[in-house]
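According to TrEMBL, the protein has these features:
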{"type": "BINDING", "residues": "Asp16, Trp17, Glu19, Asn21, Glu30", "note": "Ca(2+) binding site"}
{"type": "TRANSMEM", "residues": "31-49", "note": "transmembrane segment"}
{"type": "TRANSMEM", "residues": "61-81", "note": "transmembrane segment"}
{"type": "BINDING", "residues": "His78, His204, His208", "note": "Zn(2+) binding site"}
{"type": "TRANSMEM", "residues": "93-111", "note": "transmembrane segment"}
{"type": "TRANSMEM", "residues": "118-137", "note": "transmembrane segment"}
{"type": "TRANSMEM", "residues": "143-160", "note": "transmembrane segment"}
{"type": "TRANSMEM", "residues": "172-190", "note": "transmembrane segment"}
{"type": "TRANSMEM", "residues": "205-225", "note": "transmembrane segment"}
Amino acid sequence: MEDGLSSFWGPVTSTDWCEKNYVYSSYIAEFFNTISNVPGILLALIGLVNALRQRFEKRFSVLHISNMILAIGSMIYHSTLQHVQQQGDETPMVWEMLLYFYILYSPDWHYRSTMPTFLFFYGALYAVVHALFRFGFGFKVHYIILCLLCIPRMYKYYIYTKDVSAKRLAKLYVATLLLASICWLSDRVFCKEISHWHFNPQGHALWHILMGFNSYFANTFLMFCRAQQREWNPKVVYFLGVFPYVKIQKPKSQ
């Protein structure tokens with residue numbers, strides 16, 4: 001939206017969201033859209049510490065780190081509103097979905113090296129193409145397709161999981177995803193109307209916060225399911241009585 005203070009980063013060259021630019025600082029274009037990524041970073045850090053402390057497979061440490069990188073990239077993008085930084089936000093989103101795809105489908109994949117090799121080169125090729133060509137709508141369609149490909153497997157994990165606490169994580173994942181999508185669409189579709197309000201509900205910032213929790217719930221649920229597959233006797237417990245995480249008990253041989 002329209003600028004407030006003078007811009008340190010120059011004219012806007014990326015997608016502009018429904019928040020007035022440079023209101024609080026010349027160095028931060030969209031203040032709320034920038035700081036709203038902080039909860040996602042902290043939640044990913046909690047997940048990473050748990051994955052390392054209990055010696056989960058490296059894929060989960062990489063997953064939590066990718067969540068952090070994505071949130072940091074989003075902060076850089078919204079603080080500058082530059083096209084290059086937007087690409088630096090969007091490309092990790094695709095990489096992250098490829099990682100989710102691997103975690104969801106690899107346990108039943110008989111040729112262990114083929115899937116990660118294919119996904120690696122696919123992600124690298126996408127990064128190159130996305131850097132050379134600007135396709136905003138194409139990116140959204142591509143990202144939605146990757147998300148849809150993961151849903152059947154998530155549903156399979158849900159129906160095969162009998163633990164009530166784990167199922168609650170899956171339900172929280174769905175609920176936060178739906179709420180976040182409503183916030184994103186409202187901010188995008190009704191921006192003209194919102195710009196005339198005395199109060200901006202900051203729908204895109206709410207999207208960031210909710211998606212931070214969404215990723216955390218998804219990661220924790222997947223860690224539980226993987227621990228079940230490995231027969232690590234997983235349980236969902238709560239840090240400070242609020243944040244759920246998976247506690248495992250590996251056999252002595254492992």
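We count from 1, first residue shown onward.
Cβ coordinates come from backbone N, Cα and C, glycine included.
Where the annotation comes from TrEMBL, it is an automatic prediction and has not been curated.
Around Glu30 (Ca(2+) binding site), a 10 Å sphere centred on its CB holds 27 further CB atoms from the protein chains shown.
With pairs at least 6 apart in sequence, the transmembrane segment (118-137) and the transmembrane segment (205-225) have fewer than 3 Cβ pairs within the 8 Å limit; the two do not touch. For the binding-site residues Asp16, Glu19, counting C-beta atoms within 10 A of each C-beta gives the highest total at Glu19. Counting Cβ pairs under 8 Å that are 6 or more residues apart, the transmembrane segment (93-111) and the transmembrane segment (31-49) reach fewer than 3 and are not in contact. For the binding-site residues His78, His204, His208, a Cα to Cα distance of within 10 angstroms from Asp16 (Ca(2+) binding site) holds for His78. Sequence-distant neighbours of His204 (Zn(2+) binding site) (same chain, 6+ residues apart, CB-CB distance under 8 A): Trp17, Cys18, Glu19, Glu30, Asn33, Ser36, Cys183, Trp184, Asp187, Arg188.
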